[in-house]
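Colleague: Have a look at this one before I ask anything.
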Amino acid sequence: MAPFLSRRDLQFQLYEVLDTAALPSRPRFAEHSREVYDDVLNLAYSVAERYFANHLREADLHEPHVVDGKVKLPPQMEGAMRAFRDAGFFSAHHDEELGGLQLPWVVMQAVQAHFQAANISTSGYPFLTIGNANLLREFASEEQQAKYLTPLLEGRWFGTMALSEPHAGSGLADITTTATPKEDGTYAITGTKMWISGGEHELSENIVHLVLARIKSAPAGVRGISLFIVPRYRVGPDGQPGESNHVVLAGLNHKMGYRGTTNTLLNFGEGGETVGELVGEPGQGLAQMFRMMNEARIGVGMGAVMLGYAGYLASLEYARDRRQGRLPGNKDPHAEPVPITGHPDVRRMLLRQKSFVEGGLALGLYASSLVDDLHTGPEEERADTGLLLDLLTPIVKSWPSKYSQEALSDAIQVMGGAGYTRDSPVELYYRDNRLNPIHEGTEGIQALDLLGRKVTQSGGRGLTVLLERMSADLTASGDLEGVAEIRAALATAVAQSTAALRGLLAQAPALGPDRFLANAHSALEMLGHTVVGWMWLRQAAVAARKLPEARGEGADFYRGKLHAARFFAVHELPKVKAHADLLASADPTTLEMQEAWF
Ligand SMILES: Cc1cc2nc3c(=O)[nH]c(=O)nc-3n(C[C@H](O)[C@H](O)[C@H](O)COP(=O)(O)OP(=O)(O)OC[C@H]3O[C@@H](n4cnc5c(N)ncnc54)[C@H](O)[C@@H]3O)c2cc1C
């Protein structure tokens, strides 16, 4: 079986493109060293290989179902959770006083990448729990942290995020779940939440739901939304889970992929009272939840990358073995068939996958490194870092979600009929990844966020920072051999994107918001490809500098980077122009289409 992850590329991204080994110079990471990070990553690889990859297909074939009122999951999942817990990964990035290692977020994201690549649906439980605990760490009171955070960090209790309702997914302003104040300061929660991942299972002693609800008589819209901690089992004075909190499983959703992660319809306040505790102040719920969602959006992007990457590795291994046909120039019917990697069209599909998944990995880890810079980087740069991260987040979530799907389609195509069967994992990765453009805010919502909010936020400062950073890398790579094509293509894409955005923004008052945002999808595509082009320049520049000293496999690795960068420059970056033109013209075609004409 092909490896699920390229450890060499992960090392390249962390230590050669990013300067992760320099992080121990910051006070928070002073106890660390590169050896510490490598040990953690080695542990992640062995746990992922042994306890997560071992039931990838099983979790897909035997999806969650209810037996005697309890959700039944493949038995290997318990072992996976135990191994994850024993390795200390639930709390690894937290303060030492909380039992953590104070790992940088970029290393933590690289740790999680192993589990996403090995078995994305089983990794969903810790992924949600880590995000849930991070939110509580930031916004919950000391008393709430004492009650809920410790068991979450120990991996004894798991967490969820409960936002969506049957009638309110993208439009969270319309949620109707209600919180009625009680005399003791807690709230009675009533309502129904839809699509809640990890909403019911027996993998943990308790489940901590983070629920968005409206306090009775709160104003309409997002200003009236508050956040509540709602445990599955009420917590007794001894800190242990006790009686039921009446969060009732009303049904399991049967999904296309991600099947090992239970997905639930939950009723709150059915058959008894559901008690919730308010987090922070009323009306702050969505803003607080965005803390979890922004992080989750980078995590979703990384999950998409890892699925695409695993598919690429599987199809590459297959293609190297598979012999079929002869090259057009060879007319000898007795000649041996060639490995299919000999055919330019197969190379095109492999190169396209490589350029998407390695470009996406560079982007996801770069964004994760910005999370570290935001908290531990130079004080004077943090405001700019935050704005850049805000701007990039919708791209980091959406671009890999979409382009890993294309990469996985290519992976299936490379494998021919074999790729379409359950004997290979790529059809599963393809189904799993199809969720990523939907959850945590659909692609359409990310596009609106990017163009409608992030591009203009703080007077467009985030975009200026992005342009400055891209320009600095373009200048710094000016004299390097082998990067001319990616440099030229990126410079063109940057110029086209900037001109299109400036043109559109200048017309904004006359266009009005509906027409201004009508082609937001093109803004996402345009900036997404441009930013990934930049990620390729960064990788190519490192490869160009290291190649002269490299030998054998090491040299091939760098040559592969340079060639994939060239592919992205020549085959992909020219697509930026079509989106830039459409955006700048404020094309009204979609806006003018009438429902009756469909
Ligand atoms: C497997 C799975 C797991 C999930 N896990 C969770 C979870 O753990 N917790 C949770 O709270 N939710 C979860 N969700 C819900 C998920 O976040 C929503 O499905 C998603 O936000 C979309 O909402 P919706 O399904 O209601 O689609 P809709 O909001 O109805 O959207 C349908 C289409 O209309 C478009 N659209 C809607 N509004 C607009 C608009 N204003 N402008 C432009 N286009 C628009 C969307 O982009 C989409 O293409 C999960 C969903 C799935 C499928």
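In case you wondered, yes, glycine gets a Cβ from its N, Cα and C as well.
Annotated domain 'Acyl-CoA dehydrogenase/oxidase N-terminal' per TrEMBL: 73-155, in sequence order. For 161-265, the entry in TrEMBL reads domain 'Acyl-CoA oxidase/dehydrogenase middle'. Feature annotation from TrEMBL assigns domain 'Acyl-CoA dehydrogenase/oxidase C-terminal' to 283-449. Residues or ranges marked as domain 'Acetyl-CoA dehydrogenase-like C-terminal' by TrEMBL: 468-594.
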Colleague: At least three Cβ pairs under 8 Å linking the domain 'Acyl-CoA dehydrogenase/oxidase N-terminal' (73-155) and the domain 'Acetyl-CoA dehydrogenase-like C-terminal' (468-594), pairs spaced 6 or more in sequence?
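Modeller: They do not touch: fewer than three Cβ pairs between the two stretches lie under 8 Å.
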Colleague: When the domain 'Acyl-CoA dehydrogenase/oxidase N-terminal' (73-155) is classified with DSSP, how many of its residues are helical, how many are strand and how many are coil?
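Modeller: Tallying H, G and I as helix, E and B as strand, the rest coil: 60 helix, 0 strand, 23 coil.
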Colleague: DSSP says what for the domain 'Acetyl-CoA dehydrogenase-like C-terminal' (468-594): how many helix, strand, coil residues?
Modeller: 107 helix, 0 strand, 20 coil
